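Copied over from TrEMBL:
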BINDING   SER53, THR194  Mg(2+) binding site
BINDING   188-194, 219-223, 288-291, ALA356  GTP binding site
REGION    1-23  region 'Disordered'
Amino acid sequence: MGSLCSRQRHYNQADSEENARTAEIERRIEQETKAEKHIQKLLLLGAGDSGKSTIFKQIKLLFQSGFDEAELKGYIPVIHANVYQTIKILHDGAKELAQTEEDSLKYVISDENKENGEKLAEIGGRLDYPCLTKELAQDIEAIWRDNAIQETYSRGNELQVPDCTQYLMENLQRLSDTNYVPTKEDVLYARVRTTGVVEIQFSPVGQKKRSGEVYRLFDVGGQRNERRKWIHLFEGVTAVIFCVAISEYDRTLFEDDNKNRMVETKELFEWVLKQPCFEKTAFMLFLNKFDLFEKKVLQVPLNVCEWYKDYQPVSTGKQEIEHAYEFVKKKFEELYFQSTAPNCVDRVFKIYRTTALDQKLIKKTFKLVDETLRRRNLFEAAKNLPEIFSYTRLDGLR
């Protein structure tokens, strides 16, 4: 009889412990569910090479702890690969232009650099790249200085030459140092095509302050073959941040040499605007790569792009840069309102001039985005107050 009572007490104690564990798990789930409700979802969209991933890295640097040494070192093979890939594009581009252009002689690589160029192009075509040594860096510097390569670089818009080319070539000796650890700037310039979905959680007022909103930002690949993954992220989005590389009006797609990048961006933005799940979603349009745009627009007229064919230059220097920018901005404003259904006209729409590499500007921009979304949330809460009060009165009458 005593042993039976003892066993019963043991079972009761085990049940109590199990119930306590279950209650604790349920409490944590409830807490996490409540916390999740306060996290706002931001979706970073745009065509390939629009600067989305650079903005994503800036968020990590600005509003989180940044990159530790291990993460920085993880970028070494990426940066070295960027160097080899870039020199291969320029070398192969020079060979192609030497065969097809009337003034072909200026694209012929000098005899002293021919063998060197072939060797580097072969390395750039590999799947696994060697570590960048001082010797290889010197070889790359020599071919970079070759007149044929410089002529080819001046036509980079036709050859998919990356924006980071000048930066990489100017820093070859540092990048090839035996004890090289990438800087934050190196990481921002590093190019890795986004595949799949990456996310980051942050608050623009800082992690230690409780007054700001908490956001979860999702970045997805911008190339055409990556866009099928977008649709799974479309539900429950607070705001879409759509990035436009405004400097790329004279370039074609990486995946389609016949399609102008700005025309592709226009069609993509139009498609995103018309998605039914974004009827009440705020839209933040980042007109990005302004630093490159202001240099290019004085050399290459906007109307080389089919969508901008009605553009007429009016001045020179800074005045012309501003005139061109306002033209582009107006084009996207018109597209937004043309593509927005009547029942969506009240949703928030803001345009920001950005340069993804400019940390101060990105910080300021995201604080403005935060303020805009907080005002919207307050407005939505105020709209719901009469409804809440009516329910309260009805409950009181019962």
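Just so you know, glycine gets a Cβ as well, placed from its N, Cα and C.
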Smallest number of other CB atoms within 10 Å: among the binding-site residues SER53, ASN288, that is SER53
Rounded to a whole number of Å, the separation of the Cα atoms of LEU188 (GTP binding site) and THR194 (Mg(2+) binding site) comes to 14
Integer Å value for the Cα distance linking ASP291 (GTP binding site) with SER53 (Mg(2+) binding site) is 17
Rounded to a whole number of Å, the separation of the Cα atoms of THR194 (Mg(2+) binding site) and GLY221 (GTP binding site) comes to 5
Within the same chain, the residues at least 6 apart in sequence whose Cβ is under 8 angstroms from that of ARG191 (GTP binding site) are VAL78, ASN82, PRO162, CYS164
Rounding to whole Å, the Cα atoms of GLY221 (GTP binding site) and SER53 (Mg(2+) binding site) are apart by 9
SER53 (Mg(2+) binding site) and ASN288 (GTP binding site), compared by Cα position, are separated in whole Å by 12
Around the Cβ of GLY221 (GTP binding site), other Cβ atoms within 10 Å, all chains included, total 20
